[in-house]
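Asker: Pasting a structure below so you can have a look.
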Amino acid sequence: MIFSRSMASFTLVSAYAAAGLLAIIVLNLLRQLLFRNKTDPPLVFHWIPFLGSTVTYGMDPYAFFFSCRQKYGDIFTFILLGRKITVYLGIQGNEFILNGKLKDVNAEEIYSPLTTPVFGSDIVYDCPNSKLMEQKKFIKFGLTQAALESHVPLIEKEVLDYLKTSPNFKGTSGRVEITDAMAEITIFTAGRALQGEEVRKKLTAEFADLYHDLDRGFTPINFMLPWAPLPRNRKRDAAHARMREIYMDIINERRKNPDRETSDMIWNLMHCTYKNGQPLPDKEIAHMMITLLMAGQHSSSSISSWIMLRLASEPAVMEELYQEQITKLSPDGRTLPPLQYRDLDLLPLHQNLIKETLRLHLSIHSLMRKVKNPMPVPGTPYVVPADHVLLASPGVTALSDEYFPNASRWDPHRWENRVEKEDEEDIVDYGYGTVSKGTSSPYLPFGAGRHRCIGEKFAYVNLGVIVATMARHMKLFNVDGKKGVPATDYSSMFSGPSKPAIIGWERRFPEKS
């Protein structure tokens, strides 16, 4: 009898729950179909409120964007975990969002919950925009021409040492999970060039574990619940505290021994002062160094992996790279001297290969800004409400046949007769030196506007030296009859090749190994 009553109660509750869910879905559909405000951008149709288009967007953002553009045009809104995300695609969309006025759009409210626990307090998105612009200026002036020139031999040595000592490249030929290998190479090159000798010496097993635990803090759920007591968040917080301690120890040691100063990024930041006269606090220096390590390594690791995968899928291009170096750099047509900064400008195919891979494989597919005031969209009847989030996707123009014929094909040679010029009329100073707004171009691998990446020049130097060194010493190829490259993994905040991404390798000169 008791069992029967329990079952009846359960059935009744289930019926009420089902009816309630059905009512919510019906009301959601009616609102979409009957009550649309004509000044609102079109809303992507969805069945379930709150969830909206979260799944389809998360599985393949670019497929989602292109599909929606066919149905709704360049401007549309979709629901992402209860948030109203207004997407504006194309060059005009990039301009509207990435060069939006500070009073109208805000990046800090979007990214601070995600980045502050990883990078640290009082920097980047955890401070007023004016302070961030000063911090970007400090970093930018640490990336001087002389500094970039000095980085080339350091980066080349790190790559050569890795090829000689890593178990991934033991012997004269083999197979390698290339995303793991490039993650290690890029953290070593960036660590040595940007972080200084003390930090590079600390890139041991402990530092790798700390980096891994911090990196796992960049998970989509932390956009919504950065404080959630998840195991990965506890590890993230512990890793941040330990990494900050490491940098603080280095800074304190240098202050005790000023005669041993070396001209690297830590030295540069230790001598920086805000406009109000306050020296850059040591805690902020430590947090900025963590940011440099994390932010730069993500994109370099991803794009260098894609480069190696593309070269493995088309070995003939790898040979073209090698022959370009022989033609342009070899004194005798056989041997190659150590790389120098000026050599990179003599290798157009190397540069074009990097550009083309960046075009196809941007690691960040969505750039978001919180709307602070209603924003009329020029040339349209739409007004973006203040409770929306704006989303720009520069990768969409880079993947469009309108701007790049046969855009889905990887072709480094397409850049030989193409020049991407900065619009001199759009030069602006946001507080960290003059830059181009950049949004008039369909190719924006490093973003645009006040939040444009300041590490662009270093990224090209780092990738250029890595590619040139690999081409000198290695041959790459696909294995097991595989064609092309792996699919893109969009499950993390920074997209990259799906794993496992295994390719074959052999040394170009095995007798020298």
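Even glycines carry a Cβ here, placed using N, Cα and C.
From Swiss-Prot, here are the annotated features:
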TRANSMEM  10-30  transmembrane segment
CARBOHYD  ASN37  N-linked glycosylation site
CARBOHYD  ASN406  N-linked glycosylation site
BINDING   CYS453  heme binding site
Asker: Tell me whether CYS453 (heme binding site) sits in a helix, a strand or coil according to DSSP.
Answerer: coil
Asker: Quick one: give me the count of other CB atoms within 10 A of the CB of the residue listed as 'heme binding site'.
Answerer: 18
Asker: Just the number: how many Å between the Cα atoms of the residue listed as 'heme binding site' and ASN406 (N-linked glycosylation site)?
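Answerer: Given the Cα positions, the residue listed as 'heme binding site' is 28 Å from ASN406 (N-linked glycosylation site).
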Asker: State the Cα to Cα distance, in Å, between ASN37 (N-linked glycosylation site) and ASN406 (N-linked glycosylation site), rounded to an integer.
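Answerer: Distance between the two Cα atoms comes out at 38 Å.
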Asker: Including all protein chains displayed, how many Cβ atoms other than that of ASN406 (N-linked glycosylation site) lie within 10 Å of its Cβ?
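Answerer: By my count, 8.
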